[in-house]
Amino acid sequence: MKRSMYAGRVREEHIGQEITLKGWVGRRRDLGGLIFIDLRDREGIMQLVINPEKVSAEVMATAESLRSEFVIEVTGQVAAREQANDKLPTGAVELNVTALIVLNTAKTTPFEIKDGIEANDDTRLRYRYLDLRRPEMLENLKLRAKVTHSIRNYLDELEFIDVETPFLSKSTPEGARDYLVPSRVNKGHFYALPQSPQITKQLLMNAGFDRYYQIVKCFRDEDLRGDRQPEFTQVDLETSFLTEQEIQDITEGLIARVMKETKGIEVTLPFPRMKYDDAMALYGSDKPDTRFDMLLQDLTEVVKGVDFKVFSEALAVKAIVVKGAADNYSRKDIDKMTEVAKQYGAKGLAWVKVVDGELNGPVAKFLTGIQEELTTALALEDKDLVLFVADTLEVANATLGALRGRIAKELGLIDNDKFNFLWVVDWPMFEWSEEEGRYMSAHHPFTLPQEETAHELEGDLAKVRAIAYDIVLNGYELGGGSLRINQKDLQERMFKALGFSAEEANDQFGFLLEAMDYGFPPHGGLAIGLDRFVMLLAGEENIREVIAFPKNNKATDPMTQAPSTVALKQLEELSLQVEEDETNKTN
């Protein structure tokens, strides 16, 4: 029989109507001779009542056989509940069943189909199709669909053209590791799955599309964490003839639309702007969380004269003040924070507490001569905890930035109902890679340098600034973009600055350089991480919670067992041979 409506949409206006519902058995209760069933579908739960005096013996027997997650079809009359359940949208009504059919049975599930389960992540991913039945997971994916719908409508209104770009593309050496796909037809040659459609979308600007967008899958073979996956989705934009400000205005409008249509929140425009150097100096991060204070303080000059070489001889001494938290952190707690500091390259973590107007702690004796100056500089009050890092400026910033975020979570300083957006602008063009022993692109090698610093491409690369901009939300990089290079000579200079020979640049990017001979317009764009955006809107801490079928932290899928070995014949067709891992060899 045809389904009348979703179970979760039955309301008081349907009282007296005969309807047919289909879904899963959430729970069965036997009470006073009656059987009560919670019928669940994607829209919610509806209570069913099977009364032995009003149904056949066959229907009653079927009802008694029901177990959790059986799939059933029921027909009956909607009635008002004697005692309403205010916790359910359907709580004022119930269905008096007259007919019942079992469409499929189910084994006992490895975890309950409800919110707040304690199953481990791999178990949830192994049975992802069951995990997705849980209401909170279903709501997360429905939110994701609403977000993409809102984005498409907004960009369509602004006359952006949705264009699909290739998944089988060329491997390039910059950025994260590529996922490689061997070519059967062209032996020894490989495609790469795109880390982003960066070059192809730029070529679309050269083709005259003017405004492009795509909600697109991208792939990066990198170490995983809570806000990363090997395959992820981004909202990709590119425009011609627009300024940095105009691109940011479009992006702010997009985010404002999404926030209003999915969360009912009116965001204030324009978003604040913060220079990269200020973000690092004050927050210790290029993606600052501005929902709480605890800014980094530079004490390098203040402590120059103290009789403590760790401070007086350090390139930089910086501190954060944790207001009123002296009693919240024991020496053991601070030892744990010291271990965190070492993970960011710091040699240690110095600290003092303000107790009855005096400084207490391991380094307090070295600071007595500057206590008044220190108290004024840091606006110290009783019960404050001060954490110091003495090292290079980069290490001090990164360490205190990490501790700042950790402490704010521990002390509940963050208002989780806030959505603080901001732009981080005026980025360095290059960043030094210790692993590579050279400067690498901070964003990518197609970013347009600021005109007044472009001459340093042949000089001090640390001084080159980019016309680049990242959009940040609550301490997460939501997206980033830039104006792009459209002049061939400047692009060649950029490649040379990155250490490419002319031959290497032509081998890797010759098609782009050639395109620049044919009237390439000024252009720029941006990409927003859709998974991360939805994660933050949903109040989750891991993007796995807003992706239907994600990978685990080992980049594997416990359900399908991907990645897996393949048949020898498949490898032979690709002219590939797999070397056995030394750790798996037996003597």
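Using the three backbone atoms N, Cα and C, a Cβ is placed for every residue, glycine included.
Arg220 (L-aspartate binding site) is surrounded by 20 other CB atoms, counting those within 10 A of its CB over all protein chains shown. Per Swiss-Prot, the feature L-aspartate binding site maps to Glu174, Arg220, His443, Arg484.
Among the features that Swiss-Prot reports, region 'Aspartate' is placed at 198-201. Residue counts of the region 'Aspartate' (198-201) by helix, strand and coil are 4 helix, 0 strand, 0 coil (DSSP-based).
Taken residue by residue with DSSP, Glu222 (ATP binding site) is part of neither helix nor strand, so it is coil. The ATP binding site annotation in Swiss-Prot covers Arg220, Asp221, Glu222, Gln229, Glu477, Gly529, Leu530, Asp531, Arg532 and rests on sequence analysis.
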Proximal residue to Glu477 (ATP binding site) among binding-site residues Arg220, His443, Arg484 (C-alpha distance): His443
Cβ atoms near Arg532 (ATP binding site) (within 10 Å, other residues, all chains): 23
Glu477 (ATP binding site) CB neighbourhood, other CB atoms within 10 A: 17
Nearest of the binding-site residues (Glu222, Leu530, Arg532) to His443 (L-aspartate binding site), judged by Cα-Cα distance: Glu222
Other CB atoms within 10 A, centred on His443 (L-aspartate binding site): 21
Averaged pLDDT, computed only over the residues in the region 'Aspartate' (198-201): 97
Most distant Cα pair in Å, residues Arg220, Asp221, Glu222, Gln229, Glu477, Gly529, Leu530, Asp531, Arg532 binding ATP: 19
Rounded distance in angstrom between the Cα atoms of Leu530 (ATP binding site) and Arg484 (L-aspartate binding site): 22
